[in-house]
Amino acid sequence: MPKRPVLAVTAGEPAGIGPDLVLRLPELAPEARCVAIADHALLADRAAALGLNLELADYRRDRPAPAGALEVLHVPLAAPAQAGRLDPANGRYVLATLDAAIDGCVSGEFAAMVTAPVHKGVINDAGVPFTGHTEYLAERTGTGKVVMMLAGGGMRVALATTHLPLREVADAITAPLLNEVIRILHADLENKFGIDAPRILVAGLNPHAGEGGHMGREEIDVIEPALDALRAEGINLIGPLPADTLFNPDKLAAADAVLAMYHDQGLPVLKHASFGAGINVTLGLPIVRTSVDHGTALDLAGSGRADPGSLLEAVRLAEQLAGHAGRR
């Protein structure tokens, strides 16, 4: 029997639903060997609050835990954690769990990492500038540029820009940016998703993709020339297309991914189709990282009502991507 890949699963913000979700992994029974990276006592206390009769086993690299147990790589909390109540004292703890997962992936101990949600505000309140998982992973791995992609509902949607105010998006869409983003997207579709000659649909920026320049010239002046240069190298790009008709079933069936120009152009359609089971993937990293596509849901923490569907899908995709990355 092939050896199961070992995935690092960070439990995220200790006051949120991340610990609740991670504790559900044994019953969800993913094929991969999942190691929770969290404070052992935090998980034990949350399991008791949820009424879960679950064995927590200390992680040993060469000794998998018994069936039904959850393996835990212990990272200590800085202060006791209570479900639903943020404490900036634990901001650095959250980053320490990420560091353990990143280091394990870089060293080859873990095949991939899966992240439960963190709370950006409380990490910043701890005195640590933090804009999100994606940027932190890029900095820690020495990666100059990464691309955010969400998957779910039969779609893969990557973003040319991410968390920008809408008034800044048009200025951010440049030929060098598109060149870099599309190269990363194309390379990871091939190398991590195992797709040969991937087909990518590219959205325009303006309504009706600019309507021939009458509703904006970004398509004519920036996007189309950038796509033409990449097409000349053999990258299969279709667009720029009007975003309001791009997401129809026929177009999606003929493509492997969509590139949207900005966050709320591409993600509402995907989240409508996949809410509760969507996955965030960071492209361009030297490691495999997937994540849930929802937040910390402080109001649900410790209640037993948190839906683990997105975490399970993130684990499954991480295992798939790690397998492709290991073969190429």
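Sequential numbering from 1, following the chain as shown.
Each Cβ is built from the backbone N, Cα and C atoms, and glycine gets one as well.
Here Swiss-Prot flags His133, Thr134, Lys271, Asn280, Arg289 as substrate binding site, drawing on sequence analysis. Annotated divalent metal cation binding site per Swiss-Prot: His163, His208, His263, in sequence order, evidence recorded as sequence analysis.
In sequence order, Leu98, Thr115, Val118, Thr282, Arg289, Ser291 are the residues near His133 (substrate binding site), counting only same-chain partners six or more apart with C-beta under 8 A. Using a 10 Å Cβ-Cβ cutoff, His163 (divalent metal cation binding site) registers 13 neighbours. Of His163, His208, His263, all annotated as binding-site residues, the residue with the shortest Cα distance to Thr134 (substrate binding site) is His163.
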